[in-house]
């Protein structure tokens, strides 16, 4: 099984932090979002200044006012929080399409297949954290680990504004000293039962066999056996996985010039290739769309034996489909290229590439980074130019 790299991002006191950002007079003060004292509501978020008084999310507003009588209570503005959240999630999706939202201010990201393009998981986590602060003026706590459970724990240990990476070789060292209540499923009552048994830290679980924990606590006991050892098989489940990625262009003037049309097809194919690599997908196949001046439209599709993101492979097949289906009967008005179905990088593809093919595949993310830094078309593979008839 391929080793996964999961990032958990949790914004720090999100709603309250947005209010403090937008109103400098609130900075450094105990801000409580959710309503005003006397209402029958609950706390939606509390700034860290308010948390020092014991105020927590989901607490009644009445209790929050009792604990923090000098707190600044704000009804909140969900529309504003939603807009900020959308900006943050757009940042996430620039690094991977595998984003599982937990709430407006929290998400899991599977960046296993994004490392060729953006570097190791820890580097991606730091980039995301930096981008969030630069673009929203808000802090986030980020955890990077081999699975969702460990990534969430990692994001919690250094809050607020924290960063923590748990590597496969230090999972047990990371878990050992943590109190048992850090494990999912351990509430106050369960904590008391475990403490009565002498189990106070995660390491204490390691002395107990699985059958004993299952007999004592049922399915929860079995879960605790695995979690205490850092084992979690759950996958990051995106809100939605796109089925295709495409580009099309309506020509400024209808044309029957095949060389000109193939040039446009090449540009579209390279743009689709960049999009695949940026979004973390391979193309399982490719479709070419040809709309004639009469508005008659042809769409032809071909499947790849091996899903790919390589521009030369994409273009060779797109060119074949175009030439087999356009015979110059009428000028072309529109041409388009679509990669479909999409295969997420890191899953769903049987790797059979080796030698030169694998080196070629790994070369494209490097070309993308150079072109991103110095401008598109700064670097283009000679093979692309040869296929297009331009080299």
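Note: Cβ is positioned from N, Cα and C throughout, glycine not excepted.
The active site annotation in Swiss-Prot covers 106, and the record cites sequence analysis as its basis. For the recorded site, residue 106 (active site), the DSSP three-state label reads strand.
The annotation Mg(2+) binding site is assigned in Swiss-Prot to 10, 105.
Under the heading domain 'UmuC', Swiss-Prot lists 6-187.
The site 'Substrate discrimination' annotation in Swiss-Prot covers 15 and is backed by sequence analysis. Taking all protein chains in view, 27 other C-beta atoms sit within 10 angstroms of the C-beta of residue 15 (site 'Substrate discrimination').
Non-local contacts of residue 105 (Mg(2+) binding site) by the CB criterion (under 8 A, 6+ apart in sequence, same chain) comprise 10, 11, 14, 15, 81, 85, 88. The number of other CB atoms found within 10 A of the CB of residue 106 (active site), across every protein chain shown, is 19.
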